[in-house]
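*Asks:* Okay, here's the structure, questions in a sec.
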Amino acid sequence: MKIMIIQGPNVNMLGVREVGIYGAMKMEEIHEQMKLAASQNNVELDFFQSNFEGEIVDKIQECLGTVDGIIINAAGYTHTSVAIRDAIAAVALPTIEVHISNVYRREEFRQKNLIAPVCSGTIVGFGPFGYHLALMGIIQICEQIKNLRAMQQAQQTNK
């Protein structure tokens, strides 16, 4: 199983930017923790970070046929990007959205979420641990899809 982790604008500044909101853990440290959990679950991870909307859209599109699922922190683009929303919908892969802070306890503009309606699930407010929760969730969803496809194939074979 292969999962793409997509990090949006300013996520590369974790550990430096607004530590009181996002914590002291750097993006690279989050990725290392995810790699450890993935290796324990026989999952391969790829990581991508960009501050540019078009690059994120391109990366989502590249996921089609190459990965089993996506974990995305679209960061500020969560509230503004129809393009990222449409890319997620277009590839139709299991996708879990992550936000380190609880966006629903913050400024009103952060409570508008264009991404969530096209995602399998959303995890907010658990700090860096939210990435672990997202990883466990995407593994579960991908396993269910794999088992369903195997069952459907078996039924086709028995006809």
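Note: Cβ is positioned from N, Cα and C throughout, glycine not excepted.
Positions annotated as site 'Transition state stabilizer' by Swiss-Prot, on the basis of sequence analysis: Arg17. As annotated by Swiss-Prot, active site, proton acceptor applies to Tyr22. Look at Swiss-Prot and you will find Asn73, His79, Asp86, Ile100, Ser101, Arg110 tagged as substrate binding site. Here Swiss-Prot flags His99 as active site, proton donor, drawing on sequence analysis.
Mind mapping these onto the model and telling me what they sit next to?
*Replies:* Classification of Arg17 (site 'Transition state stabilizer') by DSSP places it in coil, neither helical nor stranded.
Taking Cβ-Cβ distances under 8 Å and a sequence separation of 6 or more, the neighbours of Tyr22 (active site, proton acceptor) in its chain are Leu14, Ile100, Ser101, Gly127. Tyr22 (active site, proton acceptor) carries a helical DSSP state (H, G or I).
In the three-state DSSP scheme, His79 (substrate binding site) falls into the helix class.
Counting only same-chain residues six or more apart in sequence, the Cβ atoms lying under 8 angstroms from the Cβ of His99 (active site, proton donor) belong to Asn73, Thr78, Thr122, Ile123, Val124, Gly125, Gly130. His99 (active site, proton donor) carries a strand DSSP state (E or B).
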*Asks:* Which residues in the same chain, at least 6 apart in sequence, have a Cβ under 8 Å from the Cβ of Arg17 (site 'Transition state stabilizer')?
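*Replies:* In sequence order, Asn10 meet the Cβ cut-off.
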*Asks:* If you count the C-beta atoms lying within 10 Å of each candidate's C-beta, which of the binding-site residues Asn73, Ser101 ends up with the smallest number?
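*Replies:* Taking Asn73, Ser101 as the binding-site residues, the minimal 10 Å Cβ count falls on Ser101.
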*Asks:* Would you pick out, from the binding-site residues His79, Asp86, Ile100, the residue whose Cβ has the largest number of other Cβ atoms within 10 Å?
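*Replies:* The most densely surrounded of these binding-site residues is Ile100.
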